[in-house]
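Enquirer: The structure follows.
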Amino acid sequence: MEISGRRMRRFRMRFGRNRLTGADPDDGSVLPTRNGGNTENEASCCYCDLKITAFNEPISRLGRRFSGAMKIWFSIGLGFGVASLLLVTLFLLLQFHPKPLSNRLASAVFGFSPSTRVSLSGFVYVFVSTVITVLVHELGHAFAAASEGIQMEYIAVFIAAIFPGGLVAFDHDLLQSLPSFNALRVYCAGVWHNAVFCALCAFGLFLLPVMLSPFYKHGESLVVVDVPSKSPLFGYLSPGDTIVSLDGIRVYKPSEWLELAAILDKQNTETSNASFGGSRRFHHGKGYCVPISMVEEGFKGKMVENRYVCPGDLTPFSTMPCSEVAAPREVSVCLDAKDIVKLNKCGDGWVTTSETHDNSGCVCPQGEICLQAMQSPGISWTEITYKRTSSPDCSRLGLEFNASSCVGTFVFVGDLIAMSRSVQLTAYQPRWLFNYFAKSFPDVIEKSLTCTFHVSLALVLLNSLPVYYLDGESILESSLQYFTRLSPRKKKKALQLCLFGGSLLSLLAFFRIFFVGLPPSR
């Protein structure tokens, strides 16, 4: 990003400073290594960069040729940059509100909650997106300066520690000689280009289903892209499988999968808090009409520390609290959950009514009894229905879905939120049998556009902050030139006060976002 002090070469303070602080490439403090006429690089233990001069002449030529159009374009960006500075400053002031928007803003800007764990693949997406968005940002400054007749010295990309970034170096004297309005166009060009890039990414996401429609169906089914070995669903689902429903509710998109899991988990928690107190059973209200003959043939478990324990892979079941009419006495039995999930449903814990659930409460046909699984509080009992599509028989068009032997159902018992986040899903289903890369291609494109959108938006907000060393400092400094009633000394004091306050409030905002009030990880 743009946190390096070397960035100060380009945008320097105007009030009585003749030189920039920081390293000067000509003072010998940093030894450059030349790789030819168009590039050179510098390296140290925590910093390395690559300076590129090959684009100097093409950008300068384009700036002179389309100077008029570019000035109009970057004048629009000027208005956006100043407005962005004001809005971000307002947000910083709202940090003193009793209920700040820090966590919600972090989720909207960065695309994840501060407590979310970023995987290695997620880090790669962020790294590549950062390089692209920083390049777009710096090219905005370069073209804006070229339209004003200022040729850049070089474009540099760097890595400081593990963070990528970039900068553009200009002739300081020429930049200082520009009128305030023209200088503002150059200073605001970076955030303006990032904002436009955000819009392009959003537009690309919107059109992606249309562009991929000849090869992929979108929003008709939820396709499994990857199941990590640490996922609780590993061994039950495979890449290419289609998830049909969660607890009998159809799901079509990854967002619906996560939202439904959160709803079911919340319902489970509320039911647990309301009905578990003091009881050894968890009455989640999800029952099955089990034939009495199956109950009589079932295994009997043992009570161990007030828990009913079953041998092997069998699951303990007990009568529903409202089924005394069908069973005058309480029944506890060990049964195979794979056989039970195929039976008709009973109880009022199911979110929706399915074909096998007649919404008659705990009432079952004669000769059957309504049983539910014994679980602990915070543990969800959830049915997942899926369809195998890895073979031609299961993917054949025209195959009767309900009659297909490729459809299966299993029960997940555990942390529903953690389970829902442990698999990689996509709403794009190939129209034909493809290899793994072709199946994951839409997911890669969608994640790349989404990540680039969030990183570019983050750069807009970060560089609009009224803090030291970022674009917000230069935008604020040039904007103060329009307060003609203030003397240069008062303008300097006002600038320093705003930058100090903005930097302090920014640190407070980041501290609240990343360290205060984080929800417990699941």
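Indices start at 1 and increase along the chain as displayed.
Just so you know, glycine gets a Cβ as well, placed from its N, Cα and C.
All TrEMBL annotations are machine predictions without curation.
Sharing the features that TrEMBL gives for it:
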| type | residues | note |
| --- | --- | --- |
| DOMAIN | 127-496 | domain 'Peptidase M50' |
| TRANSMEM | 72-94 | transmembrane segment |
| TRANSMEM | 122-140 | transmembrane segment |
| TRANSMEM | 152-170 | transmembrane segment |
| TRANSMEM | 190-212 | transmembrane segment |
| TRANSMEM | 494-515 | transmembrane segment |
Enquirer: Name the range, of those listed as 72-94, 152-170, 190-212, 494-515, that has the largest tally of Cβ pairs under 8 Å with the transmembrane segment (122-140).
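Expert: Looking only at 72-94, 152-170, 190-212, 494-515, the most contacts with the transmembrane segment (122-140) come from 152-170.
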Enquirer: Kindly say whether the transmembrane segment (190-212) and the transmembrane segment (72-94) touch, using the definition of 3 or more Cβ pairs under 8 Å where each pair is 6 or more positions apart.
Expert: yes
Enquirer: Per-residue pLDDT averaged over the domain 'Peptidase M50' (127-496) comes to what?
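Expert: A mean pLDDT of 80 is what the predicted model shows over the domain 'Peptidase M50' (127-496).
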